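As recorded in TrEMBL, the features of this protein are as follows:
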- 13-107: domain 'Pyrroline-5-carboxylate reductase catalytic N-terminal' (DOMAIN)
- 17, 18, 19, 20, 21, 22: NADP(+) binding site (BINDING)
- 65: NADPH binding site (BINDING)
- 169-273: domain 'Pyrroline-5-carboxylate reductase dimerisation' (DOMAIN)
């Protein structure tokens, strides 16, 4: 068996197969953080708009995916799930075992990725859309021959666009249900809070600004203080006060149960889709 050669972080050549928004977010993040210089990143696209998006911050844009693979040590497949098999299979002759492969395609399992690529030095990563603002929640799982050094390298790349965790791939449907779909739940909550502010007499722009910043601040408190959310909630809810009156309404409406059911429903849907 060929032993994978470690890829030095200070000389990594990073290539993206697929030049969409997620690839752009990752590339911008690693360049901004200094993890990889733009001169060592490449992708391919024929659209002038997408070429300009990447070249605007120094990334080289080739005409073909084959050129990207030949020029890269680490190759990130950032294409739509329905075309991953076709794309990986077409590039298989160039995907040597010395290249570290990464997939961010939702619902596409490592066992399939490894079969299509012809080797198992593969890492699957599930980021979410806040990657666009450097606040992604990303979870990764290692293929059969991916090393701890490989894992550290990919953690540093995705750490440039947010926070990363490692988990068994069997948990990825639940990850999809929580962090993958979760931003949409929070957008809905922000919209509802703002509507409540408008109903209470606030101007729309003020209500939306307060709702958004309140969610951002509360999340920062949960992350940075290390306190359980229940503790933080109790600290705001004084006896007989306004907050506990509002919480009482949320509890009567089944707020917690609805959020829990949303995560479970999205998880179950992810399982159904991954079986297709």
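Glycine residues also receive a Cβ, built from the backbone N, Cα and C atoms like all the rest.
For the binding-site residues listed here (18, 20), the lowest count of other CB atoms within 10 A around the CB belongs to 20. Sequence-distant contacts (6 or more apart, same chain, Cβ under 8 Å) of residue 22 (NADP(+) binding site) comprise 78, 104, 127, 131. In sequence order, 16, 23, 24, 43, 78, 79 are the same-chain residues whose CB sits within 8 A of the CB centroid of 17, 18, 19, 20, 21, 22, the residues recorded for NADP(+) being left out. Looking at residue 65 (NADPH binding site) and residue 19 (NADP(+) binding site), their Cα atoms lie 10 Å from each other.
Ranked by Cβ neighbours within 10 A across all protein chains shown, the binding-site residues 21, 65 are led by 65. The number of other CB atoms found within 10 A of the CB of residue 19 (NADP(+) binding site), across every protein chain shown, is 26. The helix, strand and coil residue counts that DSSP assigns across the domain 'Pyrroline-5-carboxylate reductase dimerisation' (169-273) are 90 helix, 0 strand, 15 coil. Neighbours of residue 17 (NADP(+) binding site), defined as other CB atoms within 10 A of its CB across all chains, total 25.
Confidence over the domain 'Pyrroline-5-carboxylate reductase catalytic N-terminal' (13-107), given as mean pLDDT on the 0 to 100 scale, stands at 95.
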